[in-house]
Every structure is written in structure tokens, then in C-alpha cells.
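Engineer: I'd like to ask some things about the structure below.
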Protein chains: 2
Amino acid sequence: MLQPPGADSAGEFGRIDRYLKPLAAGFPGALGLTDDAAVFGIPPDRELVITTDALVAGVHFLPDDPPADIAAKLLRVNLSDLAAMAAEPLAYSLVTSLPTDIGDGWLAAFAAGLAEDQKRYGIHLMGGDSVSTPGPVTLSVTAFGLVPRGQALRRGTAGAGDLVFVSGTIGDAVLGLRVLQGKLNAADPDPLIERYRRPQPRLSLVPTLRRFATAGLDVSDGLVADLAHLCEVSGYAATINADRVPLSTATRAAVTADPTLLATALTGGDDYEIVFTVKPEDREALLASGADVTEIGRLSPDGATGTVTVLDGTGAAMPLTARGWTHF
Amino acid sequence: MLQPPGADSAGEFGRIDRYLKPLAAGFPGALGLTDDAAVFGIPPDRELVITTDALVAGVHFLPDDPPADIAAKLLRVNLSDLAAMAAEPLAYSLVTSLPTDIGDGWLAAFAAGLAEDQKRYGIHLMGGDSVSTPGPVTLSVTAFGLVPRGQALRRGTAGAGDLVFVSGTIGDAVLGLRVLQGKLNAADPDPLIERYRRPQPRLSLVPTLRRFATAGLDVSDGLVADLAHLCEVSGYAATINADRVPLSTATRAAVTADPTLLATALTGGDDYEIVFTVKPEDREALLASGADVTEIGRLSPDGATGTVTVLDGTGAAMPLTARGWTHF
């Protein structure tokens with residue numbers, strides 16, 4: 001493609017070659033990144049699951065965040081979407097829009113972060129594009145996963161009376177962000193910051209989801225908002241108990257010190273846990289499976305479609321919206 | 001994902017819904033854009049071909065270019081890559097990084113441009129992401145195509161003595177850009193500008209490529225540079241005759257008025273034609289097929305791998321590099 005005279009696309013190709021080509025070595029369909037496209041087949045009993053998430057410096061991460069953390073976040077938010085669809089990771093493509101003055105050190109650390117997560121999650125680079133920009137670092141990943149035909153987990157397939165479960169713990173990431181922003185003085189800040197910087201895609205939950213889940217999605221916008229998405233597409237309302245929402249030790253300590261942080265935890269987002277629904281008759285088998293999941297509520301055909309009611313310890317509805325406390 | 005308070009992601013979702021969701025109506029695997037990912041299978045006798053190209057305002061297009069032209073360019077540069085791999089278009093995903101102050105009029109015109117080309121090329125939106133940016137409009141498309149197993153056209157599979165063909169005409173787009181930049185006063189500027197703004201992916205050439213081509217790629221960096229890419233991966237050198245390179249009436253007129261523009265045409269890029277190689281014994285059948293292609297040269301095992309020699313009308317090598325004239 002035509003570049004302005006200053007763009008030095010020959011030099012750019014050289015840097016991309018050096019740092020990104022090695023990441024494609026493990027996926028034959030990448031064709032070594034020598035061609036215009038990647039080429040691969042999939043087994044006839046499988047479907048492809050394809051998801052894309054983009055991150056912009058100053059919007060989704062801080063410009064001086066460590067490049068390896070940015071790489072981890074970029075890959076993992078996409079892997080979380082694959083997990084939420086009950087898919088296994090296959091490969092990913094990467095688009096980098098980088099300022100021309102970005103240093104080799106940044107690129108090397110970014111590529112090293114990708115390489116580490118490729119190994120951790122068994123995924124490989126298979127293509128993409130690298131362009132220069134006069135704006136902020138802009139990154140996007142399209143992740144490809146495989147799922148047995150007909151077994152992709154959807155949002156709109158929950159049933160009336162299904163129980164609501166969530167994996168792991170909720171609220172750590174948003175409190176970690178508050179700490180980084182200087183807005184929260186937490187007693188135990190490190191695990192919170194780590195959860196914000198390094199989401200943990202729940203790929204280990206995929207067999208459990210395939211066996212038990214009737215619908216689900218990952219918690220990126222916030223537990224209440226994402227459960228509301230599920231309810232809206234499935235055509236139900238949900239009620240959850242705030243006391244049953246699993247909190248980490250660090251988040252529980254923060255909420256004990258400042259109870260208003262409970263609403264922050266339930267609505268903050270960036271958790272990358274999976275919220276999903278299960279038929280009541282499968283409850284015991286799911287709990288006996290040993291999966292790290294917690295029952296937090298139930299769907300109902302009553303109530304306005306797409307609404308989530310959060311009950312406090314006394315059984316009263318908390319004045320909570322998808323964005324936090326309601327202030328009258 | 002967490003957004004800064006000013007990002008108004010709820011409003012952003014609303015706009016995306018309004019303008020982009022209708023574009024996904026024709027592809028069941030898009031799941032109506034309600035889920036975290038697209039899901040689809042492919043026939044067992046087919047392979048997927050996947051390519052990604054990104055465009056940045058101020059780098060790859062002018063910020064005040066008509067939004068429908070930007071949409072057309074974004075889709076078509078990707079469709080050109082599919083054509084170059086001898087694949088048929090299936091679907092695409094779209095990542096938009098847009099300034100928060102971009103108007104609904106821009107979005108509507110952009111979506112209308114996508115809709116028009118979806119109809120023209122039989123392709124549908126199947127997913128993606130939409131984020132806000134403090135920087136310039138940044139767009140990327142990942143296009144998905146299908147090809148019979150083992151029939152994807154590669155760059156590195158040409159043979160010694162293979163003939164070099166190119167589709168359509170070369171040089172129009174770069175001269176169109178020169179006109180837009182005020183650097184060229186062409187006698188017949190409109191077809192040149194149109195070629196620059198609206199690339200024509202050579203999808204109609206796919207059956208011809210599957211039947212005859214031994215290797216190929218699309219001409220985006222420039223005819224000489226892209227043929228050099230093919231030579232480098234295939235392990236040969238190439239010689240082409242400048243007089244045989246097909247030029248449109250408008251470009252021929254410009255070159256007649258200023259012969260130095262011949263080098264510009266051969267090296268400028270953005271042609272989105274296909275340069276490909278053919279076994280000598282297939283030459284007659286290809287020419288008899290009626291495909292809009294022209295023989296321009298030949299590969300040779302002699303000469304430095306990856307080099308392209310361009311001969312002028314007298315048979316002398318033109319002092320030409322992949323970037324234009326060599327100046328001593």
C-alpha cells in the first residue's frame with residue numbers, strides 16, 4: 001500500500017519480520033507470514049469461533065503500562081471470549097498501528113509478552129497487518145477457536161428458572177484500576193492490580209461449560225451489565241444475591257473497609273470471569289464436579305426482560321444499575 | 001471493557017447497533033452480533049483463507065475522503081488479497097477505532113459504502129469491535145474466503161522458466177494519487193482518481209488463477225516490488241519488458257506526455273491487479289481463455305534471487321528499483 005515518504009515501510013517490514021515472524025512459526029497455516037493470507041482447514045466435526053477485541057492506548061490501557069502486560073491483556077481478553085463460547089484456542093491474527101517513534105525495546109517486550117502467552121495458552125500467530133499511525137498505539141487481535149458442531153455457548157439460549165453461576169471472583173480488576181488511578185488505598189493492592197493487568201481467561205472451564213451451561217458470556221462490562229445482556233437476549237429477568245457473589249480476600253477486605261465498594265465490584269467490569277446459566281436439575285452434578293464456580297441467583301420469566309435485581313443480605317433490592325449505585 | 005467516564009460506551013453501542021448490525025443480517029454465523037463471537041463451519045473439502053488489512057486516516061487515506069470511498073477501499077484491498085490467493089469471499093470482520101466527535105453522517109455514509117460492496121461482492125459482516133480513540137480514524141478488516149483444499153495460490157511455488165502475467169492495467173492508482181496531491185496535471189484525470197479511490201479486486205480472475213497460475217500475489221506495493229516478493233520466496237529472478245506492461249489509455253497519455261512517469265507506474269503500487277506465473281506450456285490455453293491478462297516477462301534461475309530486471313524498448317535494463325528510478 002502507498003505510504004507517505006516518511007513512513008519508511010521497508011524499515012517497518014524489517015522490524016515486523018524480526019519481532020513477529022517467530023510468533024507464527026508454530027502454526028503451518030500462517031505460511032510463515034510470507035503470503036497475503038493464512039490458509040487452513042478445520043475438522044468436519046468442528047465449527048470455528050471467531051472474536052475480535054481492540055485496545056487503544058489512553059482508552060483501554062495506560063500508555064506507560066509494561067508492553068508485556070499490554071500483550072497479555074490483548075490476547076487474554078480475546079481468549080476470554082473464546083472460553084465464554086466454550087471454544088478451544090486455535091490461532092490469532094494481530095493488527096498493530098504504531099507511532100513511528102516507538103522503540104525497538106517496546107516492540108521486543110511486546111512480542112516477548114505475546115510469546116509467553118502463546119506458550120501458556122497453546123495458541124499461535126497466523127497473520128495480520130502492521131501499519132504506522134500519527135495517533136496512539138492501537139492494537140487488535142482476532143482469535144480463532146474450535147468447538148464441536150452445535151456446542152458453542154450462546155447468550156440467548158437460557159431457560160426460565162435456570163440458575164445463575166459465575167466463575168472465580170468478581171471485582172478485583174476494577175479495584176486494581178482504582179488503586180492504579182490513586183482513587184483507592186487498598187490494604188492488599190497487589191492481587192487487585194495483577195487481576196487488572198493480567199486477566200485470566202477461564203479456558204479450563206470449557207469442558208464444564210460444554211457439559212452444564214445453557215447460556216453464558218464473559219464478564220467484561222461488569223457482572224450486572226453482562227448478566228443483563230444474557231437476560232435481554234434470552235428473554236428473561238434475573239435476581240442475584242449480592243452476598244453470594246464470590247469475592248477474593250483482597251476485595252472482601254476492601255469492601256469491609258468501605259461497603260460502597262460492593263457496588264463497584266458488582267458493576268466495574270474487566271473481570272473476565274464467565275457468568276452462565278444451568279438447569280436446576282444439573283445443579284448438584286455441577287457443584288460435585290469441583291469446578292471453581294459459585295451459584296449466585298436465578299432467571300425468572302417474571303420481571304422486565306433484560307433486568308437484573310440484586311438483593312442485599314436482608315433480601316431488599318439494592319438501588320443498583322449496570323453502571324453502579326443509583327443516586328436519587 | 002472499562003472505558004473512561006467520557007467515552008459514553010452506551011451511546012457508542014447504540015450507534016454501532018444502528019449502523020453496523022444490519023450489515024450482519026445475511027450471515028447466520030454472525031449470530032446477529034449479539035454474542036461474543038461468530039460461529040460457523042466450513043465444508044470439509046474447503047480451506048479458509050484469512051487476510052487482514054488496516055487503514056489509518058492521514059496515512060492510507062485522506063481524512064476528508066468520502067466515507068463510502070474509504071469503506072470501499074477497506075473492503076476491496078482485503079478482497080484483492082482473497083483474489084490473489086484464488087479464494088472466494090465468505091465474510092469479514094471489522095474493527096473501527098473512531099474519534100468520539102465523529103458524526104452520525106460519517107458513520108451512516110461509511111456503513112452505506114460497506115453495504116453497497118457487500119452486495120457487489122457477495123460478502124457479509126460477521127463480527128468485530130468498535131472502540132473510541134483520541135487519534136485518527138483507524139479501520140481494519142479481516143476477510144475470510146474459501147478455496148478448495150490445496151488450491152490456495154501461494155507466492156513461493158513458481159517454477160524456473162515460468163512466464164509472468166499481470167491482470168488489467170498498471171499505474172492508474174499512483175497517478176490518480178499524484179493528481180489528488182496536485183503533483184500531476186493529467187489530460188484525463190478522472191479514471192486515474194477512480195482507480196486510486198475504488199480498487200477493483202480481481203475476483204473474476206479466481207477460476208483462471210486456479211486453472212493456470214503456479215504462484216501469484218496482488219500488486220499493492222508496486223508491480224516491480226511485488227514481483228520481487230514472488231521471486232524472493234520462489235527462489236528466482238525475473239525479467240519483464242516495460243513495453244509489454246498493460247497501461248490504460250489515461251496512463252499511456254500521461255506517460256507519453258512525461259516518460260519519467262513510466263517508472264512511477266511500474267513501481268507506484270495500489271494497483272490491486274494480480275501478478276502471477278504460468279508454465280510455458282499453458283501459455284496458449286491461458287491466452288485463448290479470454291481472461292484480461294497480459295504476458296510481461298519470465299522467471300529465470302539465473303540472476304540474484306528476488307531481483308526483477310525491467311527491460312526498455314531497446315532491450316536495455318532500466319535503472320529501476322522497487323521504489324522507482326535509481327539516481328546515481
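Just so you know, glycine gets a Cβ as well, placed from its N, Cα and C.
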Engineer: If I go by TrEMBL, which of B:D81, B:D162, B:D172, B:D270 binds Mg(2+) 3 at the same site as B:D36, B:D218?
Structural biologist: B:D81
Engineer: Please list residues from the chain of B:T51 (Mg(2+) 4 binding site) whose Cβ is under 8 angstroms from its Cβ, counting only those at least six apart in sequence.
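Structural biologist: Listed in sequence order, they are B:N78, B:D81, B:L82, B:M85, B:T142, B:A143, B:G145.
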Engineer: How many Å lie between the Cα of B:D218 (Mg(2+) 3 binding site) and the Cα of B:D36 (Mg(2+) 4 binding site)?
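Structural biologist: Cα of B:D218 (Mg(2+) 3 binding site) to Cα of B:D36 (Mg(2+) 4 binding site) measures 33 Å after rounding.
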Engineer: Of the binding-site residues B:D36, B:H60, B:R155, B:D270, which sits closest to B:D53 (Mg(2+) 1 binding site) by Cα distance?
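Structural biologist: Closest by Cα: B:H60.
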Engineer: Checking the binding-site residues B:T52, B:D129, B:R155, B:S220, B:D221, which are within 10 Å of B:D270 (substrate binding site) at the Cα level?
Structural biologist: B:S220, B:D221
Engineer: Name the one residue among B:G128, B:R155, B:S220 whose Cα is closest in three-dimensional space to that of B:H60 (substrate binding site); these are the binding-site residues.
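Structural biologist: Minimum Cα distance from B:H60 (substrate binding site) across B:G128, B:R155, B:S220 lands on B:S220.
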Engineer: According to DSSP, does B:D53 (Mg(2+) 1 binding site) fall in a helix, a strand, or coil?
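Structural biologist: Going by the DSSP assignment, B:D53 (Mg(2+) 1 binding site) falls within a strand, counted as strand.
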Engineer: When DSSP states are folded down to helix, strand and coil, where does B:D36 (Mg(2+) 4 binding site) land?
Structural biologist: coil
Engineer: Per residue, counting other C-beta atoms within 10 angstroms of the C-beta, which of the binding-site residues B:D129, B:D218 reaches the highest number?
Structural biologist: B:D218
